[in-house]
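Student: Residues or ranges marked as substrate binding site in TrEMBL: ALA47, HIS52, GLY159. The ATP binding site annotation in TrEMBL covers GLY48, SER217, LYS221. The domain 'Aspartate/glutamate/uridylate kinase' feature in TrEMBL is assigned to 4-240. The annotation site 'Transition state stabilizer' is assigned in TrEMBL to LYS16.
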Amino acid sequence: MVTRIVKIGGASITDKAQFESVNLPNIDFIVDLFKNNYKNLILIHGAGSFGHHQAKKYRLNEGYKNTFNYEECRLGVCDTRRSLGRLQQYLLDAFLGAQIPVVRISPFDFLISDQFELTDETYKQLYQRLDILLSNGYVPLLHGDVLLDKKTHWRILSGDDILLKLAEYYQPRQCIFLTSVPGILQSNGNVIEKFYVGESKIDELDHQSSIIDVTGSMQNKVMIACDIVNKLDTCQVFIVQGVSKNAKHLLSSSINDDEEFILNGSTRILKKH
C-alpha cells in the first residue's frame with residue numbers, strides 16, 4: 001500500500017539556530033517535489049526551530065522529575081505542541097496550495113507510552129487511522145511530537161523513530177530522509193555516498209552538535225536508517241539534501257530494484273551481502 005515514506009527534516013525547512021524561524025522558499029521547493037508523485041506516500045516532518053527550544057527548556061525528553069515545577073512543565077508540553085502545530089500549518093498551507101491532499105496526523109492523539117516504552121500494540125490505532133486515510137487517497141503528514149506517558153507523564157518521540165515504526169509496518173520500497181546537508185558527512189566535510197551498515201563508523205560523522213536538537217540529530221538518523229536496512233531487505237534508504245537536484249531526481253524517478261543505484265553527492269545506506 002505504501003511505496004515511499006519521506007521524512008522532511010526540520011533543519012531543511014527552518015533555521016534551527018533561530019527561534020521559530022521558518023524557511024518558506026525551502027518549503028515551497030520541497031512541496032513541489034511531490035506534485036506528481038504523492039500516491040501511496042506517507043510524510044513525516046521534523047520540528048527544526050519549532051518545539052526544540054521549548055522541549056530543551058523544560059527537559060521534556062527526560063519525562064517528569066520531582067526536581068521540576070510540574071505546572072510549569074505541563075504548560076511547556078502545551079507550548080511545545082503549539083509550536084509544532086505552527087510549523088505544520090505552514091506545510092499544510094503549501095501542500096494544499098499545490099493541490100496535494102495532505103492531512104495532519106498527530107502522534108499525541110494515538111500513542112501513550114509506559115515508562116518511555118511503546119509496544120506494537122500501542123501503535124495499532126495509529127496504523128488503523130493511516131490505513132483508512134491511505135485507502136482513500138490521502139497523504140498523511142505526521143511529525144515528531146510530545147507524548148503522554150503513564151509513568152513519566154510525558155516524553156519526546158522523534159520523527160525518525162516514527163519513520164522506523166511505519167517502515168516496519170508498511171514495508172515501503174523507499175525511505176528517504178530530506179535534510180539540510182547533502183548526506184552523511186565525514187569530519188572532513190566529504191559526503192559518504194555508500195554507507196555500509198556495520199562497516200562505516202557512526203562516531204566519525206559530523207553530528208552538528210552545536211545545534212539545539214533533543215532527538216539526537218544526524219547520529220540518531222543514521223542509526224534509524226541502518227535499522228531499516230537491516231530489517232527490510234527490499235527497502236532503499238537515502239539521506240539527501242531536501243533543496244537539491246538530487247532530491248528532485250530521486251523523487252521524480254520510478255523506483256528500481258538496482259542495488260547499486262547511487263546518487264552522486266548524497267548518501268545511500270546499504271547492507272553488505
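Placement of Cβ uses the backbone N, Cα and C atoms for every residue, glycine included.
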Student: Write down the Cα-Cα distance for GLY159 (substrate binding site) and GLY48 (ATP binding site), rounded and given in Å.
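Tutor: Counting only the Cα atoms, the answer is 11 Å.
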Student: When the Cα-Cα distance from HIS52 (substrate binding site) is computed for each of the recorded positions LYS16, SER217, LYS221, which gives the smallest value?
Tutor: LYS16
Student: Do you know the mean pLDDT across the domain 'Aspartate/glutamate/uridylate kinase' (4-240)?
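Tutor: Mean pLDDT, the domain 'Aspartate/glutamate/uridylate kinase' (4-240): 91.
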Student: Fewest other CB within 10 angstroms, which one of the binding-site residues GLY48, GLY159?
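Tutor: So among GLY48, GLY159, the binding-site residues given, the one with the fewest Cβ atoms within 10 Å is GLY159.
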Student: Find the one among the binding-site residues ALA47, GLY159, SER217, LYS221 whose C-alpha lies closest to that of LYS16 (site 'Transition state stabilizer').
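Tutor: Closest by Cα: ALA47.
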Student: For HIS52 (substrate binding site), list the number of other Cβ atoms lying within 10 Å of its Cβ atom.
Tutor: 27
Student: Using Cα coordinates, what distance in whole Å links ALA47 (substrate binding site) and SER217 (ATP binding site)?
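Tutor: For ALA47 (substrate binding site) versus SER217 (ATP binding site), the Cα atoms are 11 Å apart.
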Student: Given the substrate binding site residues ALA47, HIS52, GLY159 in the record, what is the largest Cα to Cα distance, rounded to whole Å?
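Tutor: Maximum Cα-Cα distance: 12 Å.
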